Amino acid sequence: MAVNPDEDTEFNEILRKHGVLPPKPEAPRTPSPPPPPTLEEKYANYSASQLRELAEEAPDDETERILEVLRRRRLQEARKVEMARFGRVYPISREDYTREVTEASKVNEEGDEQERGTGVVVFLYKDGIPHSDRAKNFINILAQRYPHTKFVSIVGDKCIPNLPDVRLPMLIIYRKGEVLNQLIAWGADRERRVEELEAVLILGGAIIPQVPRPLGEDRDADSDIDDIDEDDASSRMRSASTRTNVPAPKNLRGKKDDDSDSDFEFDL
């Protein structure tokens with residue numbers, strides 16, 4: 001009598017037990033159903049206000065607690081986005097200078113116990129000058145990379161009358177209402193890379209990597225830019241200015257003259 005090894009009989013089980021027949025293949029396992037989504041996954045795209053409404057209607061205390069935690073997290077995330085208040089280059093006019101530069105640089109970052117103020121980079125440029133156009137692209141990149149540093153731009157002779165093109169692009173670094181450094185004709189000597197400008201701005205005090213989140217910006221101050229005219233020269237900027245070809249970090253920062261009330265100067 002022929003034996004069908006695939007039959008599920010008592011005789012075949014005895015044969016399998018003694019190794020006459022191969023073991024019966026295991027039946028395919030039914031895949032386990034996916035676990036239900038957690039509340040965090042379920043409400044990942046809900047706003048803080050929507051989570052508050054859900055928490056008010058929660059069926060039990062534990063669900064209400066979790067929804068409240070998620071709501072607070074959404075508020076924190078939204079606050080972080082709001083407090084990273086820059087992230088781009090802001091065009092300004094001469095009349096905006098004191099408010100958007102000097103006063104803005106006095107605002108302290110949240111949690112900054114040293115009260116270092118806000119780094120502000122003023123970019124003076126002229127379209128059509130190759131190294132100025134290249135630096136302008138770099139400034140746009142760095143403004144996005146460091147949203148806690150404020151970058152503003154203005155056409156050179158719109159800011160400083162009769163500013164020679166050979167001085168462009170010019171970058172002026174502010175913090176706590178003071179000029180820290182000045183770069184003149186940056187990139188005119190040779191083709192530069194964005195990493196070089198990034199390093200100069202870090203060494204010059206405009207950028208502090210991994211700074212605490214900023215608290216906010218005081219935009220109520222309203223004054224003019226008359227104090228930055230080239231005829232009202234500041235001896236402070238003579239020592240603080242940074243020229244294009246100065247590689248040593250120690251030359252990026254100079255001492256300030258407290259008797260000066262002008263924002264910056266340059267030599268024609």
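For all residues, glycine too, the Cβ spot is worked out from N, Cα and C.
Summarising the annotation, TrEMBL assigns compositional bias 'Acidic residues' to 1-11, 219-232, 259-268. The region 'Disordered' annotation in TrEMBL covers 1-41, 213-268. As annotated by TrEMBL, compositional bias 'Pro residues' applies to 22-38. Here TrEMBL flags 50-185 as domain 'Phosducin'.
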Counts of helix, strand and coil residues, the region 'Disordered' (1-41), according to DSSP: 11 helix, 0 strand, 30 coil
For the region 'Disordered' (1-41), distant same-chain residues with Cβ under 8 A (at least six beyond the ends): 63, 66-67, 70
Integer mean pLDDT for the domain 'Phosducin' (50-185): 90
The domain 'Phosducin' (50-185) - residue tally per DSSP class, helix then strand then coil: 66 helix, 29 strand, 41 coil
